[in-house]
Amino acid sequence: MADSASGQIDHVLTEDRLFPPPAEFTQKAVFSTEEQYLETYARARDDRDEFWKAEAQEHLHWFEPFNEVCKWDAPNVEWFVGGKTNASYNCLDRHVEAGRGDRTAIIFEGEPGDTRTLTYSELLTEVCKCAEGLQSLGITQGDVVSVYMPMTPELAILMLACARIGAIHSVIFAGFSAESIADRNNDASAKLMVTADGLYRRGKVLPLKETVDQALAKSTTIEKCLVLKRVGQDNVSMTEGRDVWWHDVVDTQDGKLPAVPLDSETSLFILYTSGSTGKPKGILHTTAGYNLWAKRTFEWVFDHREDDVYWCTADCGWITGHSYVVYGPLSAGATCLMYEGAPNHPAEDRFWDLVEKYKVTIMYTAPTAVRAFIKWGDEHVDKHDLSSLRLLGSVGEGINPEAWMWYHEKIGNSKCPIVDTWWQTETGGIMMSPLPGITATKPGSCCKPLPGVIPEILDETGRPVDPSSGGMLCIGQPWPGMLRGIYGDQERYVQQYWSTVPGKYLTGDNARQDSDGYYWIMGRIDDVINVSGHRLSTIEVESALVSHEAVCEAAVVGRPHDLKGQAISAFVTIRDREPDEELRQELRMHVRKQIGALAQPDDVRFAATLPKTRSGKIMRRLLRDIAAGKEVAGDTSTLEDFTVLAKLKEED
Ligand code: PRX
């Protein structure tokens, strides 16, 4: 097992508390009996095409019907072949045409407290204007639009505007560095960059356009840059002939552009995520299958009802924001709260203030946030009336039972089911989760697979193992929301996900199943670490470190961390410099500049040499133990130089 938070595993192995849903929740729930789930699950498994045919016909709008449900030739899949649909139409026009245009789609609150509400009709008009603006900048179907924006309605508008005309959005979280933006722009051959003058974060303004300008100096394919005025920065530098203002290009349009009927498999978006190698990969999702998966998983897991006010706290820079801020809830006609800023600005009760103010009924957040709330103290929660809440969700990493219990008791007043949702950027939407009306939850378990998900627990040779002892989590059958590839790199797609066990999707996670059939995610099998719910490759951080002139070699591992889940520990060997505090800080800042603040190592240790096997591989397992402050365990007989270990320990 790789870098999993082993402390958590000890807990979950002994966790046997059971929390059945309250009876009044079950009465009105989408799934209200176990039989209903079992029957739906069996139909999706045994008669896949019939099941998804009916789902797609009912839940998406078709300009032209599809003639084949699923064309599966592992690892390539096409869903709803021959059909034409449009994700922006499914999210907007469909509701407006059904007479539901006056329903609130987005309630926005900016960090400084500014608010804005958009009905489905208003959102449709804004999306049309934006799509017209994109067209006026020469964007057409298949062009890649790179996005580096604050979490404001315009971000969702831009995503849907791309979807409306068949352009492919590539959203980059607005915390990544100029280097990272440029890498992503070049990898995707992006034509347009969309950004803002700045964003608000903890009361300060972050000058996004300045970062983008640095990125564009190294981006070879960007022709234009569209800039939203969010913070009203003075002196924003605008390059003549390249940079244009959103209010000039978008706000001046008439807002009537019909959605373009697009083939089901038209690329919808690329989202970069870290894998086990140095270079982030552009995960590709396509229109119909992804849209259907986002909608149905949203409705099943969040048990969506007419009068809900739903809040997913994720940023659209991550997959959670794509599927559960934009495409899932809007396809379902939900009313969504969108918040721009930090959870502790102006004070640590900002989230609870928002829940009370907007009477939020469903809240979906990350374990790292829950752990921060616990640390900040109950008094921030106690100030507020949270009685509107009826359902809580968790995503991004396993939620440790202690945080689960606090979330359940303190935020949910012991009456709200918690849905611990396991999924990945690659899966497009939730794969395993409790169904809140029927599942008796166990703290720390993502419980059961959703209809259409066939998990398998296998060993390295692809053979089934005893599920209770755990193994590699693979998915044996295609599902509509699955990734279609790595943008521009089919070979890597096959190698990464489909070669370990030919014909089966390798999730990269370890899992086990208990005697009740519940699944427990046990951490990664590769060199991916999870820092505050964000995926990072240790090799990516190592590459950033060795690009510093003083670094000869670097090894990066995750170590358990109370708030972040995992912290980043770097071991480096250096040349021509003193191993002092100044260099340590310089290296941390260097990684920040190369990748972004989220990748900055928590600790940097200087070593004389790194422990290696005789074949020259760095022994990360040992470094993980050292970083975690544990006695070095396991077999060290293949260490090239035993003295290294002693030296590393002395560095502590
Ligand atoms: O290791 C699993 C962990 O996060 C990985 C996916 O990361 P990413 O693609 O960034 O997507 C995050 C949001 C879906 C998984 O391979 N992970 C995510 N959710 C859970 C989880 N681990 C345990 N329990 C979860 N609920």
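Heads up, the Cβ atoms here are built off N, Cα and C, so glycines get one too.
Where the annotation comes from TrEMBL, it is an automatic prediction and has not been curated.
Annotation source TrEMBL lists domain 'Acetyl-coenzyme A synthetase N-terminal' at 37-91.
Annotation comment: TrEMBL describes 98-487 as domain 'AMP-dependent synthetase/ligase'.
On its own chain, Arg201 (CoA binding site) has Glu111, Gly341, Ala342, His345 as residues at least 6 apart in sequence with a Cβ closer than 8 Å to its own Cβ. Positions annotated as CoA binding site by TrEMBL: Arg201, Arg202, Gly203, Lys204, Thr320, Asn344, Ser532, Arg592.
Annotation source TrEMBL lists ATP binding site at Gly396, Glu397, Gly398, Asp420, Thr421, Trp422, Trp423, Gln424, Thr425, Asp509, Arg524, Arg535. Neighbours of Arg524 (ATP binding site), defined as other CB atoms within 10 A of its CB across all chains, total 21. In three-state terms derived from DSSP, Arg524 (ATP binding site) belongs to an extended strand segment.
Taken from TrEMBL, the feature domain 'AMP-binding enzyme C-terminal' applies to 540-617. Across the domain 'AMP-binding enzyme C-terminal' (540-617), mean pLDDT in this model comes to 93.
DSSP classifies His548 (Mg(2+) binding site) as coil under the three-state reduction. Within 10 Å of the C-beta atom of His548 (Mg(2+) binding site) sit 19 other C-beta atoms, taking all shown protein chains into account. Residues or ranges marked as Mg(2+) binding site by TrEMBL: Val546, His548, Val551.
Classification of Lys617 (N6-acetyllysine) by DSSP places it in coil, neither helical nor stranded. Look at TrEMBL and you will find Lys617 tagged as N6-acetyllysine.
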Spatial separation of Thr421 (ATP binding site) from Gly203 (CoA binding site) - C-alpha basis, Å: 32
Lowest local Cβ density (other Cβ within 10 Å) among binding-site residues: Thr320, Asn344, Thr421, Thr425, Ser532: Asn344
Where the record names Gly396, Glu397, Gly398, Asp420, Thr421, Trp422, Trp423, Gln424, Thr425, Asp509, Arg524, Arg535 as binding ATP, the maximum Cα to Cα distance in Å: 18
Val546 (Mg(2+) binding site): tally of other CB atoms within 10 A of its CB: 14
Listed recorded positions with Cβ under 6 Å from ligand 1, out of Lys204, Gly396, Trp423, Arg592, Lys617: Gly396, Trp423
Conformational class of Gly203 (CoA binding site) under the three-state DSSP mapping: coil
Other C-beta atoms that fall within 10 angstroms of the C-beta of Trp423 (ATP binding site): 26
Where Gly396 (ATP binding site) sits in the secondary structure, as DSSP reduces it to three classes: coil
Cβ neighbour count (within 10 Å, all chains shown) around Gly398 (ATP binding site): 27
